[in-house]
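Participant: There's a structure below that I have some questions on.
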Amino acid sequence: MTANPSTDAPRAGAQTASGVAPLLRRLRDEGRPALVGYLPVGFPSVEQSIEAALTLVEHGVDVLELGVPYTDPVMDGPTIQRAAEQALEAGFRVSSVFDAVRATAPTGTPTLVMTYWNIVVRYGVDAFAAALAAAGGAGLITPDLIPDEASEWVAASDAHGLDRVFLVAPSSTPERLQLTARASRGFVYAASTMGVTGARASVGPRARQLVEATRERGGDLVCVGLGVSTGDQAAEVGAYADGVIVGSAFVRPLLGDAPWSERLRALGQVADELAAGVAQARSGSVS
Amino acid sequence: MPDLPSTPPEEPAFLNPLLQTQQGPYFGEYGGRFVPEALVAALDEVEAEYRKAVDDPAFRDELARLLKDYVGRPSPLTEVPRFAEHAGGSGVRVFLKREDLNHTGSHKINNVLGQALLVKRMGKTRVIAETGAGQHGVATATAAALLDLECVVYMGEEDTQRQALNVARMRLLGAEVVPVTIGTRTLKDAINEALRDWVANVDSTHYLLGTVTGPHPFPEMVRDFHKIIGEEARDQLRERTGALPDAVVACVGGGSNALGIFNAFLDEPDVALYGFEAGGEGIESGRHAARFAGTSAPGVLHGARSYLLQDADGQTLPSHSISAGLDYPSVGPAHAWLHDLGRATYRPITDEEAMDAFALLCRTEGIIPAIESSHALAGALQVGREAAARGESPTILVNLSGRGDKDVATAARWFGMLDHDHAAAADDSSSASDAPATPTTGGDQ
């Protein structure tokens, strides 16, 4: 493996100028987890994806996660694959991501970008970080970049004050949990289950174990993603996680050919349900 | 007999450390592990088991026995003088390393048996694989039947159409074949789907990756399971001619057969190495899979950093080749490394050049090659003619990596050998039969 990120790098949750950690910590003090909402930029068009992101903000999403459509999204299930494919067919260009971040940043809702690594490699790691920071973005979530390969990104994210959210999985060893927790900034993304994105009937017990194990290994802020699609699931996960990450459940109402205004309304309803779920996550009424 | 890891060459090395024993995760600046965290534990497990196995006489003996008694190794070395007459004239000698005569019809079985034995050692019960031409899928289905493993093969829908015979073979062997209907519907999308399956089922499942790409340890491990090709050929050729070859020639898709035959010669400075990739309809057409032709840039795909056909945004570009097995937008990281070192030369061969060489070998030697391997044959003709023009009489070693049974329908259509009804039957659309000599990938028209 190449150089590991320096072990004295800021821990997950360390303060940065524009990062998401201060918000997650404030919400934790208020007694609830954050709702993190994913949408792919450019689906079905760049303008509409921005409208959809702003709809999520209006309906209670605390942190936006804007995805970069990619030809080979190996961590995504059919729903997000379909949306990404449509975005690419519609002529999506990577520079649109920065436009989208510029459009959402004024809301005050922190915006992370989720991207497969080759997009950043091709753009230039430092150039991508600079453009994202200039647009007002909070940082990157990198589903196919592990800290072992991330020395260039660690340097660029330090230089530009960006969060770097790495993933942990139920298969991660304690050593790797520690490595990943130390390399991350903003939060650690805990994949609730072994699998790709997509709604699931239940989130399962491994997510809670993973969050606890990640905290034991130094991860201060840990958010859970993969498979959360209902308010009840959000409440269940939010009882122990610092944030609940929802993707496919937000993309699904935007698929299809209903009038756009109806699709946006359906998206808002889904967001309302999930926001209600996280609001009562620690109330004891749902466990 | 497989000798893992490699014994040092008898000649002194011209570079230190030896190129042929390079270990992952990096080959120069290429390779690595660009994968979801969920797969890291499984990759570590495979690597650890592999390193234990190669030092375990029981593993080595079992693999050696299977390669001899089941695969039929050593594969023969056949001199092809009538073919060589077209490679620059008298004095040029061409030898074919006959991986086409292996059980299942290609070199793929060498790696598959090695990994399948590792699967048994790891206690896993299910294997998944990607396949393009179907040769790796057939080999994997074969090993799964032999070793009582559940087997699922992902194959791009376009490839299931142009390689329908191999789909049937896999199903006869008890494998489930899953057509992949997203993206470009070819090999790259089959790998995406296999990776998604692996993330979800990694506890029970091994991803039996079929070439020298992907995340560490695959590029190194798959090379080691195939290096027997070059080691056998080197000894066979020495016995036959008393010397090493002047040039070693192979086709390069992901690059496993090429690295397999190159490896024994990497540290022999007088042996020139040539890899021929799919030039498709020509570099200028944009419809090709020539990663080293100057239109690609280093990037990350399927876990490894290497040369990659990609657009200005880093989106993977669709590749094209008449041969499904070479139709892949990236290439094994060791080849990127050898390319940059100048140790191997990579050139494109067009569909037309490959099919001309295919026909030539059929008619001069009575051997029907895979269309993939026909790219190597066309390359051998180039290398021989260039040497002859310089007044040289080289001995050229060609890896005939697979046999052409699976390609008979494509070739018959290409050469216009089918009457109208048969052409229509061989291709669901009628356009191919209307213009039987038109280049076609056999399923996408």
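Note: Cβ is positioned from N, Cα and C throughout, glycine not excepted.
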Participant: When you get a sec, could you say which of B:72-93, B:424-445 is annotated region 'Disordered' by TrEMBL?
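Facilitator: Within the set B:72-93, B:424-445, TrEMBL attaches region 'Disordered' to B:424-445.
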Participant: Would you mind checking how many other C-beta atoms are within 10 angstroms of the C-beta on B:K108 (N6-(pyridoxal phosphate)lysine)?
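Facilitator: There are 31 of them.
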Participant: Kindly state the mean pLDDT of the domain 'Tryptophan synthase beta chain-like PALP' (B:72-402) in the predicted structure.
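Facilitator: Taking every residue of the domain 'Tryptophan synthase beta chain-like PALP' (B:72-402) together, the mean pLDDT is 96.
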